[in-house]
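**Student:** When I checked Swiss-Prot for this same protein, it listed these features:
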- 2-230: domain 'ABC transporter' (DOMAIN)
- Gly32, Pro33, Ser34, Gly35, Ala36, Gly37, Lys38, Ser39: ATP binding site (BINDING)
Amino acid sequence: MLKLIDITWLYHHLPMRFTLAVERGEQVAILGPSGAGKSTLLNLIAGFLAPASGTLLIAGEDHTLTPPSRRPVSMLFQENNLFSHLNVQQNIGLGLNPGLTLNASQREKRDAIARQMGIESLMTRLPGELSGGQRQRVALARCLVREQPVLLLDEPFSALDPTLRQEMLTLVSDICRERQLTLLMVSHSVEDAARIAPRSIVVADGRIAWQGKTDELLSGQASASALLGIKSHIL
């Protein structure tokens with residue numbers, strides 16, 4: 001589904017270089033120290049950064065130079081980027097038509113995702129009238145209503161309390177499994193990664209330093225566990 005082949009981006013003349021393959025329907029966590037290049041990797045996939053070299057394939061098609069708006073990708077950030085002057089219904093509708101002129105089919109898609117997110121009763125409210133968790137549900141709904149096969153999450157739930165964060169992670173995982181979406185999620189928490197991502201990637205110094213089973217990383221048995229401050233549980 002998703003393949004990066006020597007995708008390179010120059011950061012202060014120092015190259016970050018990524019080679020990666022992710023299958024359709026996989027849920028993968030991206031972990032690593034602060035400043036390692038995790039968000040850079042997602043931004044390269046989404047098209048917000050242009051690589052200096054390399055190839056990016058999605059579903060077998062070359063999207064190395066495709067503008068972000070035309071890539072088969074949706075991305076959700078920690079800052080949800082909801083428009084404060086638009087209500088929930090309109091914010092979700094932006095994912096279908098920036099002009100907010102929706103046909104009957106699009107209106108049904110909008111309403112269906114709102115029901116799935118549990119926010120159908122909030123459709124006439126403005127973002128400022130919502131809790132943090134509700135705002136992230138609206139932002140996630142706007143991503144999912146686009147029906148793109150790849151979903152990128154850049155720590156969108158890190159500001160939520162542990163109970164809400166776990167609730168959102170479970171919701172995302174269930175939807176991705178139901179729709180066979182390919183998920184890549186940046187996180188600082190290996191525990192969060194283990195909840196939804198059987199596979200993890202560790203980024204360090206602008207490279208993929210390790211990839212494998214999240215459980216192995218969490219147990220301290222992986223070579224990259226020390227990068228995340230995880231010690232082996234074996235005495």
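Note: Cβ is positioned from N, Cα and C throughout, glycine not excepted.
Tell me what's around each of these sites.
**Tutor:** Confidence annotation: the domain 'ABC transporter' (2-230) carries a mean pLDDT of 91 in the model.
The C-beta environment of Pro33 (ATP binding site), restricted to residues of the same chain at least 6 apart in sequence and closer than 8 Å, consists of Ala204, Leu227, Leu228.
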**Student:** Using a 10 Å radius around each Cβ and counting other Cβ atoms from all shown chains, which of the binding-site residues Gly32, Gly35, Gly37 yields the largest count?
**Tutor:** Gly32
